[in-house]
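Here is the structure we will look at, set down as structure tokens.
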């Protein structure tokens with residue numbers, strides 16, 4: 001065990017082959033800033049490919065089950081078509097027949113819903129284990145395994161087209177395993193980015209970086225729709241191949257931490273830590289050479305101040321966000337806008353604006369939280385603002401297309417803003433909390449706990465909506481507004497602590513800004 005462990009440690013601290021290749025070309029070591037740029041670009045591409053692979057099922061549903069939607073074959077960006085009444089579900093003329101058994105039967109929509117639930121359930125469950133593993137093994141290796149595995153099982157779903165597979169359990173098992181491998185992504189990329197960036201600029205940087213979620217959703221939709229004309233199997237195989245290739249890119253280029261590649265913080269980075277009030281003599285992440293670090297246990301991570309309230313807050317925030325992700329196109333197609341019904345394809349295109357608003361919200365929330373040095377106040381404020389946004393979208397979104405777009409963008413901004421902030425900057429902050437005494441081996445576990453708890457809400461929200469929407473969409477929006485309210489209330493204790501810290505700070509001008517932030521999370 002001893003010699004093997006030492007060999008593993010030496011291998012983890014060896015720069016990736018791609019970094020060594022770049023350094024051999026430049027004939028000198030890469031700068032700290034260059035490493036940071038590589039980290040942002042590689043992790044951005046990595047998680048974009050995760051979301052692109054995840055999005056394909058929602059587009060191909062219309063081909064597998066013609067009764068569910070025609071959005072997939074009509075997915076032409078920004079072309080608006082209308083119909084005078086809700087679009088009738090017509091059979092699609094496939095050369096292999098209408099739809100794809102067993103999904104084209106009377107219970108096809110229910111079977112597709114079970115696939116979604118199975119994927120999200122395994123994703124949420126796997127998140128906890130992935131975080132535990134992430135703090136105990138090389139994150140670059142874990143990401144590579146997760147991405148290649150995701151690519152294999154995403155492609156295997158598509159292989160069912162050529163293999164003429166009509167057994168529901170084949171697709172169920174493939175989706176479950178795809179969800180399990182997908183769970184490796186988020187804890188790993190957040191941990192890596194958190195290793196490279198100090199708290200001072202973390203909110204804004206991660207807010208911009210978090211656009212990969214929306215970019216992945218949109219690109220995944222476009223790729224899957226474009227491939228449908230060649231056979232729905234390609235809509236899974238191509239994204240599967242892309243994420244597997246991105247996994248190899250991660251293996252070749254991703255530097256997990258400064259210590260892993262022997263990079264030293266440059267003067268600008270140290271100045272950033274000083275301005276945030278952090279002692280350079282006690283760095284955010286202490287080198288393994290200085291302190292023998294032990295991975296933080298699952299229960300210990302839950303006890304870190306701030307983890308539980310933010311995790312529970314994200315449960316309700318993702319419940320709202322994922323309900324929109326899975327049901328917004330259907331809701332738009334069934335709602336008369338200015339007296340006209342949009343076609344399913346146009347409704348799907350229009351729904352991507354929710355993601356556009358989410359990009360703006362993520363960047364705005366990160367920037368505001370950096371300027372105020374108050375994550376809880378920012379997240380809670382956005383959740384409270386999402387309540388009137390949801391109300392206005394439901395009440396007035398049908399008046400005109402312009403109002404629908406405006407309220408959709410606004411809702412996406414306020415719903416996805418705190419979701420992006422909590423899953424990125426907040427998770428990274430808590431993973432390097434002062435109570436850990438510089439131990440860097442908690443980032444993945446903390447991220448997994450927070451996003452894993454949120455993913456449970458992500459599975460429950462769409463499931464409840466399927467039942468409630470059959471009776472009333474107003475009831476669905478009431479549920480979403482109640483969830484947003486609860487999400488904000490769960491952060492009340494941290495908000496009060498941050499406000500108290502700000503008041504104390506204003507009374508004693510000489511106290512460092514970092515003490516205010518630390519006091520807020522230490523409550």
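Just so it is clear, glycine is given a Cβ too, placed from its N, Cα and C backbone atoms.
What TrEMBL lists as transmembrane segment is 30-50 (among others). Same-chain residues lying 6 or more positions outside the transmembrane segment (30-50) and placing a CB less than 8 Å from one of its CB atoms are 19, 22-23, 143, 147, 150, 182, 185-186, 189, 192-193, 196-197, 205, 209, 211-213, 215-216, 219, 239, 242-243, 246-247, 249-250, 253-255, 258, 261, 263-266, 268-269.
Residues or ranges marked as domain 'Major facilitator superfamily (MFS) profile' by TrEMBL: 41-500.
Annotation source TrEMBL lists transmembrane segment at 110-129 (among others).
The annotation transmembrane segment is assigned in TrEMBL to 141-163 (among others).
Here TrEMBL flags 169-197 (among others) as transmembrane segment.
The transmembrane segment annotation in TrEMBL covers 209-230 (among others).
Annotation source TrEMBL lists transmembrane segment at 236-256 (among others).
Annotation source TrEMBL lists transmembrane segment at 307-328 (among others). Long-range Cβ contacts of the transmembrane segment (307-328) within its own chain (Cβ-Cβ under 8 Å, at least 6 residues beyond either end) map to 58, 116, 120, 217, 301, 351, 354, 358, 376, 379, 383, 386, 390, 411-412, 415-416, 418-419, 422-423, 426-427, 430, 446, 449-451, 453-462, 465, 469, 476, 480, 483-484, 486-488, 490-491, 493-494.
Residues or ranges marked as transmembrane segment by TrEMBL: 348-369 (among others).
Beyond the transmembrane segment (376-393), the same-chain residues lying 6 or more positions past its ends with a Cβ under 8 Å from any Cβ of the stretch are 306, 309-310, 313, 317, 320, 361, 365, 368-369, 404, 407-408, 410-411, 413-415, 417-418, 421-422, 426, 477, 480-481, 484-485, 487-488, 491-492, 494-495, 497-499, 520. Residues or ranges marked as transmembrane segment in TrEMBL: 376-393 (among others).
Under the heading transmembrane segment, TrEMBL lists 405-430 (among others).
The transmembrane segment feature in TrEMBL is assigned to 442-464 (among others).
The transmembrane segment annotation in TrEMBL covers 476-496 (among others).
Nonlocal intrachain contacts for the transmembrane segment (476-496), taken as residues 6+ away from its ends with a CB within less than 8 angstroms of a stretch CB, comprise 306, 309-310, 312-317, 319-320, 323, 327, 376-377, 379-381, 383-384, 386-387, 390-391, 393-394, 415, 418, 457, 461, 464-465, 468-469, 520-521, 523.
Sequence-distant contacts of the transmembrane segment (405-430) (same chain, at least 6 residues past either end, Cβ-Cβ under 8 Å): 186, 190-191, 193-194, 197, 199, 202-203, 206-207, 209-210, 213, 304, 306-307, 310, 313-314, 317-318, 320-321, 324, 350-351, 353-362, 364-366, 369, 375, 378-380, 382-383, 385-386, 389-390, 392-393, 396-397, 443, 446-447, 450-451, 454, 484, 487, 521. Non-local neighbours of the transmembrane segment (209-230) in the same chain are 40, 43-45, 47-56, 58-60, 63, 72-73, 75, 77, 193, 236, 238-239, 242, 325, 348, 352, 355-356, 358-359, 362-363, 366, 420, 423-424; each lies 6+ residues outside the stretch with a CB under 8 Å from one of its CB atoms. Simply put, out of 141-163, 169-197, 236-256, 348-369, 442-464, 169-197 has the most Cβ pairs sitting under 8 Å from the transmembrane segment (110-129). Distant neighbours of the transmembrane segment (141-163): 46, 49-50, 53, 56-57, 100, 130, 133-134, 170-171, 174-175, 177-178, 181-185, 188-189, 192, 231-237, 239-248, 250-251, 254; these residues of the same chain sit at least 6 beyond its ends, with a Cβ under 8 Å from one of its Cβ atoms.
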